[in-house]
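Some notes on the structure that comes next.
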Amino acid sequence: MRDLRKLIPRLRGPGTNVLKMKKPLPLHMRTKIREHLNKSDPTVKDDKSAKPELPFGKPADRVPFWHIFKGDYVYVHQGPLKGKWGRVVETNKYTNGITIEGVNVRSVKVPIFLLRNKPEDNQDPVIDIAHEVHYANVRLLAHAKTDAGEPVLIPVKLKKHSSTNLRSIIRPNIEGVQIHTIHLPRPKTEDKPKDPEGKLDTKNPVVSKVTWSPSLSEPPLPPFAIGDLRANWSRRLDRIWGYKKNNDDFTEIAKDLVRAETAAEDLIKKPISPNTYSD
């Protein structure tokens, strides 16, 4: 049997790794940001402490109830990034990852074709991107005040709740910190930026301008007039009117009969005088 390792390196490149290609993958086939890096470029920093993006976790391994939100301050208490802290920029429920401002940062070269405005030097710009940190490696920082009244941030633990609306903290007893001032405020949601007006968008003055006023002399008729006409000229109202009129007529006839019967009874009961039939 022929050894395939002697044939594949001619197409794949030197070495015994069959999956290592001689040429890098095209940009549209790359799946990780770090594949855009050129290690030979001195302008790109290679921070060994920075970790790549976290993999997608299974649904059973994902955090069911999140208690860390965008805008909170967190502290990395374990892992290679232990000791760093910052503000939460983004959360990812699929990877259980938290993006912290200024933590786990890596410099990445961005291709020009991905930018709307090309740079003047026609070179790929290098930007710093913060990568994710696992949810289990961080701890929330609560607001507190020292004995001198200065604001500080201290790491706290949370009580377990089966809801994201409840965030009860366990207040630690730290020397020099007023324990009654320890609190964990809910971060304020940032207002979403308004979309810029486009060239084909209808302006507000045009939308609010009154271009039609209802009139009874010109079509179309206003809604209230149509409703009145429909109510007054409907067949259902004609039937109701006839039914009421018949009831009224029957009532009047019954009253007349009662009056006639009463008058007849009174006439019968009335005594007859002797002069009534006199000649």
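Here the Cβ of each residue, glycine as well, is placed from N, Cα and C on the backbone.
As recorded in Swiss-Prot, the features of this protein are as follows:
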TRANSIT   1-31  transit peptide
COMPBIAS  34-51  compositional bias 'Basic and acidic residues'
REGION    34-56  region 'Disordered'
DOMAIN    70-100  domain 'KOW'
REGION    185-204  region 'Disordered'
COMPBIAS  187-202  compositional bias 'Basic and acidic residues'
## Note on the structure
Same-chain residues at least 6 beyond the ends of the domain 'KOW' (70-100) with a Cβ under 8 Å from one of its Cβ atoms are 49, 51, 53-57, 61-63, 130-141, 153, 155, 187-190
### Message
Please list the DSSP helix, strand and coil residue counts for the domain 'KOW' (70-100).
### Response
0 helix, 16 strand, 15 coil
#### Entry: Secondary structure tally of the region 'Disordered' (185-204) (DSSP, helix then strand then coil)
1 helix, 0 strand, 19 coil
